[in-house]
Amino acid sequence: MTHMHIAGSIHADVAQGGPHWLTMPSDPMALQHRLWPEGTVRDREGRITVGGLPLTEVARQQGTPVYVIDEADFRSRARAFRDSFTGWHVYYAGKALLTRSIARWVAEEGLGLDVTTMGEMHIALAGGMPAERLGFHGNNKSLDEIRFALGQGVGRVIVDSFNEIDRIERACTELGAVARVLVRVTTGVEAHTHEYIATAHEDQKFGLSILGGHALAALVRCQSSPHMELRGIHSHIGSQIFETHGFEVAIRRTLRLAEQFRAATGVELAELDLGGGFGIAYTEADSPKTTAELAQAFEEILDHECRGFQMARPQLSIEPGRAICGPSGVALYEVGTVKVVELENGRSRTYVSVDGGMSDNIRPALYAAEYSCALANRSSDAEPVLSRVVGKHCEGGDILIRDVFLPRDIAPGDLIAVPGAGAYCRSMASNYNQLPKPPLVAVAEGAVRTLLRRETLDDMMRLDVGE
Ligand code: LLP
C-alpha cells in the first residue's frame, strides 16, 4: 500500500502510465464494483448512484465535500462478520467511524463495540449500545475514564499497562466493582502494513510484551486481584492486513502464553481476542479475502493450534473496524481548478483540485495510502489522462489521490467520488486551514439522512473565546 521514493513519495518520477499497478481503463466510466458499496451503479445519465440515490442529489442537498455512508452496505458487512464467525464475539472498532446512529446500527446487528476514550464511550452509549457489549481499550486510560467505564458497567476492559492495573484497582475499590479484563499482549509479529499502523512488534507503545515476561506477570497479577475477573488475552497486530499468516503466528504465541499461565496458576484462560486489521480494497491493486474466507482460515488455524497445545478452544473475538465501515463510505468533492503541469521529457501531469483535502482525509499524507476515484456527476467519452487529485490546503503534500485516470474534459463544477472513504477519514478529520469538517450522511432506499451535520464557521468562532 505504500510507494515511497527516496526524496519523499511526492517527488517520485511517475512514468506516463502511472505506477505499475494502475492500468489504463478500457472503459473509464466503468466502476470497479469491489471498491464501492454494494449496488453502486451509474444511472442512465451517467451519475453515480449509491443506496438508490444519485450523488448529484446528495451534493445538491448537502453541498460538498460530504461523506456518504450506505446504511444497507454497512449493516450487511457487520452481519457478514457476525454470521461468518459463528460462535465468536464481534466488536466493531468505533475509532474507524462512530456516530450515535452507527452505534445503533451496530447494536441492532448484534455486534459489540470497541471504544478507546470517554468521547467514544459517550457516543456509543448515547446511540443505545448496551454497556455490557462495550470493550474499553487504550494505552493511557485515565482514572476518570476507568471510573466512568466501570460505573456504566462496560463488559470488558483491555488492560494495557501495570499503571492501568493500579488505576483499575483504585476505581474498583471506590465503586465496589469488579472489572472483567483481558490483557493486551504484544506478540512480536511484524504485520505487513505501514509502520504507523503495525502494532504488535516489540518496540511500540501498545500492550505488554510476551518476550520480556511482562504479559505473563500482568496476567498473574490480574488473576490474583480481588478487583478483577481475568477473562483472557488480547492481541491486535496491525491494520489493513491481507494475509492471515501474521494472525497465525499471533495465535500460536498467545496460546503458548496461555499454556505458560496454566502451568504457573493451574487456570485455563477463557477468552482470546485477535483484534482487527482486516484489509479492504482501496484501489484495483488490493484483493482482500471475503469475510467468509477469512473466517474459514481463522477456524482452521485455531483448530490446528488448539490441538497442538492440547487446549480447549477459548471463547474467541475479533474487532473489525475498517472492513465494516470502509467500503460503505464514499467521499464526494467538487472540482475547483484543473491545471496541467509540464514535467521533464515533454511529460505532463493534470492536477485536479477539489474543495477538501488532507483535513478530511489525512491518510494519503500520513501513510502514503492510495485511493482511487471516479467522475460522479456525468459520463464522459473523453480520453483518460493520468491525473493527481489534490486538496485546497497550503501544503504540497495535500494529495488525495496520487495517480488516477480521469477524463481529459474534467472541469470545474464536476463531482469526484472517492470509494473506501468510510474508515478513518471523518474520524481523523481536522480543521487545518480553518476548514469546517464536512457532514456525514447516510443513504438508504433512495433517501438521505444527516448523521453529522456540516461544521459551520459559527461553530468554529464559538470555540475561539479569546479577545
Ligand atoms: N482493535 C484494536 C485494538 C485497534 O487498535 C484497532 C485499530 C482495531 C481493532 C481496528 O482496526 P481495523 O479493523 O479498523 O484495521 N488510522 C489508521 C488505522 C489505525 C488503527 C488503529 N487501531 C488508518 O487510517 O489506517
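Each Cβ is built from the backbone N, Cα and C atoms, and glycine gets one as well.
In TrEMBL, the pyridoxal 5'-phosphate site is described by GLY277, GLU319, PRO320, GLY321, ARG322, and among TYR371, TYR424, TYR432 the residue recorded at this site is TYR424. Annotation: TYR424 carries the greatest number of neighbouring Cβ atoms among the binding-site residues TYR367, TYR424 [cut-off 10 Å, Cβ to Cβ]. Checked against ligand 1, the recorded positions GLY277, CYS394, GLU395, TYR424 give GLY277, TYR424 as the ones with a Cβ under 6 Å from it, listed in sequence order. When the CA atoms are compared, the recorded positions lying within 10 A of TYR424 (pyridoxal 5'-phosphate binding site) are LYS95, ARG363, out of the candidates LYS95, ARG363, TYR367, CYS394, GLU395. Between the farthest pair of Cα atoms in the pyridoxal 5'-phosphate binding residues (GLY277, GLU319, PRO320, GLY321, ARG322, TYR424), the distance is 15 Å.
When pLDDT is averaged over the domain 'Orn/DAP/Arg decarboxylase 2 N-terminal' (72-325), the result is 95. Of all the recorded positions in the list LYS95, ARG363, TYR367, CYS394, GLU395, the shortest Cα-Cα distance to GLY321 (pyridoxal 5'-phosphate binding site) is found for LYS95. Residues near ARG322 (pyridoxal 5'-phosphate binding site) in space but far in sequence (CB under 8 A, at least 6 apart, same chain), listed by position: ALA93, ALA96, SER239, GLN240, GLY276, PHE278, GLY279, ILE280, ALA423, TYR424. Applying an 8 A CB threshold to same-chain residues 6+ apart, the list for GLU395 (substrate binding site) reads MET358, ALA365.
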